[in-house]
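What Swiss-Prot lists as Zn(2+) binding site is 62, 64, 211, 299, and the listing cites sequence analysis. Positions annotated as substrate binding site by Swiss-Prot, on the basis of sequence analysis: 91, 184, 214, 299.
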């Protein structure tokens, strides 16, 4: 058995206490074998965690990883105008090679900032799955289906592809890839199609992921057309259950919060994107108080504009307090749990905690920095002070993805150069 020892540091335990300990992981099973006193464990390989904090690998619960190619392309617009005037015209020109290049860039960015698992919505999912496999990460992937603006044949083709991709790729990358059926949103997929295809997904035991209640402009048309709130409409169709998680959930009322809790439907909160697009402030503390599982996602780099989950934790805590008008709301420990254990629960992975038997997904934070001094409360630092660039090592499934800030699973320079070339070509094609 090949074992990796993470030694010399402090460890964040599942109850959010911090203790000095070593962590031993099996590189055969990909699990944590032991967490014990310093000097009591031995491994075949070691990672030095001196002056560091060992934390669970972060979980990006909602993103569009290949949209790194659109980073900085269009800013300072509301969601609908941004999508229709800038994003969708460029996305129409995307090739499979573009998406692979953008995905690799995004995965490198995540590895460098301690993220080990992600939930992605996009196209050319086989390319993204291959990139995830090479990266050694975990992911929930799916093909995002849209029916608006399409004839019946094209609409059905989209939804069939979403089902087929989910069936085909589930369990890829030695089980590190899971899949979801992905109708884009309640306003971009017609009711007749949802009523036909959602039961097929449920019959195949596929989880479901979609955008919901992101902006007021998504809520009003559904209320006007169907006479009920969006999540009540979704529940009527059969979309809400314990294997469904929605992205955003910004404009939800009390009845919808109760409905999410009753059905076991989770929420991927994307605070930076919601702020940048002026979509609104999600009532995260109300969701948590009701028992809803809430994870954190970056959304795409085009609306964020990075994939740093530490930035996202800080944003989630800040905007959560504003939304609740309560400085004690969405506290430091809560956002750390949202970015780790809660995110893992949404995605269905046995990770998000440093504990014997859990997936060996972890990151080591270098605490030897001015902005992390003094160390009164390391959980506070994780939520409010740590940057992605403070990550020293990243491990997923027991394998070292980054050692001493050097990514080992990709040629980072080549990935960056290739992504830049594809981005330039993409924008040029879209402008023709």
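Positions of Cβ are set from backbone N, Cα and C atoms, glycine also.
Mapped onto this structure are the features recorded in Swiss-Prot.
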| residue | record | contacts (Cβ under 8 Å, 6+ apart) |
| --- | --- | --- |
| 62 | Zn(2+) binding site | 119, 121, 209, 247, 248, 268, 270, 295, 297, 298, 299 |
| 64 | Zn(2+) binding site | 120, 121, 122, 299, 300, 302 |
| 91 | substrate binding site | 123 |
| 184 | substrate binding site | 121, 144, 145, 146, 210, 211 |
| 214 | substrate binding site | 79, 185, 247, 248, 250, 251, 274, 279 |
Max CA-CA distance, Å, over listed substrate-binding residues 91, 184, 214, 299: 20
Fewest other Cβ within 10 angstroms of its own Cβ, chosen from the binding-site residues 211, 299: 211
